[in-house]
Amino acid sequence: NCTQVTEFSLVVFTEDPVTQVNLFLLFLLTYLVTMLGNLGIIILIRASPHLHSPIYYFLGNLAFVDLCSSTIVTPKMLVGLMSEKKSIAYAGCMAQLFLFDVFGICESCLLASMAYDRYMAICHPLLYPIVLSPKCCFQLVTGSYLMGLTNGVGQTISMSTLSFCSSSTIDLFFCDIAPLISLSTSDTTLSHIILTTAASLFGVSSILVILLSYAAIIATILSINSADGKRKAFSTCTSHLTTVSISYGASFFMYLNPSSNSSRGGDKWAVVLSTVMTPMLNPLIYSLRNKEVKEALRRL
């Protein structure tokens, strides 16, 4: 006698009206900075011939992914903070889940591609323009989007086969896989298998590419005799390394926090750091720490 739910109720941070208004203003400002920062990076890269290189091609796509992933989550959260009915339709929840999974894996793959770019630039500079040709860069970016699409389709199909009868309250401000699995009244074994397989296939492989690339980069930098040469070589990686640390650090804390449980999908503030703050920080990191970006902005 299962009656399938037609909408899910979302849980925001607090029921206090004053706090909700303050959070609304804070997240609205964050979202506006995210939009302006990422759009600015995309426009700057396209308008500046000095930035028409592989690393900035990847960065432009990363900015687009950050812009999209923030738009998937933040506007709905802002509406929930200011409205009495904090809910999302079943179809809207599946769409949000699909897009969030697409761009989440896509970002991981782009960060891995950027790590490979830094590896080639530092460890094999003579082969860099040959290996990372425009065709190769296009294939890496296209592959990132295809991997994200594959993950999104697989996770969404898995979630759409589950039944939700007993409860429709998601203890989070958007639809994520873990809270939905915990709400389901049907067998979730297949969903867990798909989730684990996708995380291992896409997430772990991206992390391995990043770790192996930076292991080779560090070994190459240590072999440089001059301190100035070491500093210059490492400075080309600081922006990407900072972005990787923030992105994966927030994601790990979001999903692997031992104090959280599956119904919460991780601590809400860790989720905010991963889904709201990280897309805002990425363009700031590359604009404030990168001399080439600042020089291109000055010329423009």
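Keep in mind that glycine also has a Cβ here, set from the backbone N, Cα and C atoms.
Curation plays no part in TrEMBL annotations; they are all automatic predictions.
The feature transmembrane segment, as given by TrEMBL for the ranges 56-75, 136-155, sits at 56-75. For the transmembrane segment (269-288), the partner stretch with the most Cβ pairs below 8 Å, chosen from 23-44, 56-75, 193-222, is 23-44.
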